[in-house]
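As written in TrEMBL, here are the features:
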type     : residues : note
TRANSMEM : 64-86    : transmembrane segment
TRANSMEM : 106-130  : transmembrane segment
TRANSMEM : 151-170  : transmembrane segment
TRANSMEM : 253-274  : transmembrane segment
TRANSMEM : 295-317  : transmembrane segment
TRANSMEM : 337-354  : transmembrane segment
TRANSMEM : 366-383  : transmembrane segment
TRANSMEM : 389-410  : transmembrane segment
TRANSMEM : 431-449  : transmembrane segment
TRANSMEM : 461-484  : transmembrane segment
TRANSMEM : 496-516  : transmembrane segment
Amino acid sequence: MAISPLKAMNGERAVVLIFVLRVLSSLPLALLPHALSLSLLSLFSLVVEIRVDNSPSLFKTRPGASSGIILGAVTLPTVMLSKLIQLSRAVSLQQIEIGELEHMTMQFWAASACSCGVLIFLFIVTWCAANNKNPHFSCSVWDAKFSLSCVILYSAVCCISLATISHTGFNTALKLLWLLCHGFATVKLIQHLLSTFPFCASIGEANLVTSGLVLYFGDMLACTISKVCRLLIPPELVSIRYGIKRSEIGIVIQGVLLGLLIFSAVFKFLIHLWEYFWGANNSESRERKEIWRSLIFLTSLGFIMIAVAPSWMMIVLDFDVHPFIFSEPFKRLSLCIYWLVLIYASVLRFYNISKNSKIERILLRKYYHLLAVLMFLPALIYQPKFLDLAFGAALAVFLVLEIIRVWRIWPLGQLVHQFMSAFTDHRDSDLIIVSHFSLLLGCALPIWMSSGFNDRPLTPFAGILSLGIGDTMASMVGHKYGVLRWSKTGKKTIEGTAAGITSVLAACSVLLPLWASTGYFLTKHWFPIFIAVTTSGLLEAYTTQLDNAFIPLVFYSLLCL
């Protein structure tokens, strides 16, 4: 039995559709196929979410959160589409090459292919559940026909769009195959994520994470294949070009993350190998075995990060010096000292409060949001390039510490676990702690994506404003003064949302000199900024997803317009 759209609509879905409609209303006619594909993706994801939410529990997802399928499916494609709108303005002004626009077009289709693949997988799973004659679940024929129509029409629009940026039919077929690989890889990865880390994420959160990983590492793989082909094949025989000109900092960050990904697999293999040949029959003490595991960990980590990762960096980009050596390091020494002092004082203070105080975890975590503002805002204004690299280094450190915590690597594993557990809440689990990753990436991604052409100077501040200021003020004011709730079952209050929106608008007004220096006049752009702030604020009020991950991306997309 089909469910009427009005009955199926809730606050989170309504805000997501408003977000999508705001982006679609800003599209130029040249991006009409992309608008149609995003519309089809949104409708398809809405149908799938309704089906999944009204079915028995098919996946072991995070308790207390909705499936979040529509939000997880449209967020990344909409971010890429907003960036396409921004780059199309630059092409019309002849400020960038057409190759950058074509590269971002492929990124958009790759992101949408990832989401479409996951949606098809989810629909098939629910359809199979219906065919098993589950008395608690039904899947109407109308849903199946509508979903199939969306997929077919989406595929046709994708083929037509790719044909317009391809020189030959073989080139178009190659790009379609590349997109199919993205969709297949995302489906396999989200299955692995939901089964390996049960109850750690909703479907929408898992979709966003897996799509982002596939998109990021797929771009690295394509860049590597392109460079290797140019090195091995004479240029007079073939000319292969992929993507855009890469910055050294971007390649360093990609190389470090690639090295950590390889390290995780290598370390797991070495541990199994060691236990099979030596550890299983050894009568030595447990402490001595832990020391051996620690030595294997440090040796493999050092080899990959010192030898393997820099080698990949040198292949894909011609560095003038070793990738880990940068000129003029002393100019940034004061900023590093400021960060270290701030981190040491804040972490020590907050950790003691978490152990001895009755302050709720949700409020304690917001102090870290304020810490992010104090750390990142001055660096973004005065040292933006160095901040890009610092974000990559911090993400690498977080990943290493999480590996140490999960594997209980001696002697820091248990200590890291105890420390991190002091700041967890219902959105974290013992298997994996994601809050610090989402806060870091929520602040970093808008800054990384704003590199290159950017005619909207507020976009790099999207994460810092939405998380460090808006989300913090909404939680604190809502917790202390909130009375009117948005829903009967939710905890978010109207007073908190109003405080979050007002605080972000006030912070934007403080950044007026940046607008003036780039010709970004308040009278022309104030209403779009107000819409962006309000929409992201309402999303924070209604969503049960991990807001650190979604709100900065939504806010960034709207600011690009």
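Cβ atoms here come from the backbone N, Cα and C positions, even for glycine.
Those TrEMBL annotations? Automatic predictions, nothing curated.
Non-local neighbours of the transmembrane segment (106-130) in the same chain are 34, 37-38, 41, 44-45, 47-48, 51-52, 55-56, 58, 69, 72-74, 76-77, 79-81, 83-84, 137-139, 144, 147, 151, 154, 158, 161-162, 165, 175, 178-180, 182-187, 190-191, 203, 207, 210-211, 214-215, 218-219; each lies 6+ residues outside the stretch with a CB under 8 Å from one of its CB atoms. A contact between the transmembrane segment (431-449) and the transmembrane segment (366-383) is present, since 3 or more of their C-beta pairs, 6 or more residues apart, lie under 8 Å. Counted over residue pairs 6 or more apart, the CB atoms of the transmembrane segment (253-274) and the transmembrane segment (389-410) come under 8 Å in at least three pairs, which marks the two as touching. Listed as Cβ neighbours of the transmembrane segment (64-86) (distance under 8 Å, sequence separation of 6 or more from its ends, same chain) are residues 12-13, 16, 19-20, 23, 26-28, 31, 34-35, 38, 41-42, 44-46, 48-49, 52-53, 101, 104-105, 107-108, 111-112, 114-115, 118-119, 122, 202-208, 211-212, 215, 426-427, 449, 453-456, 543-545, 550, 553-554, 556-558, 560-561.
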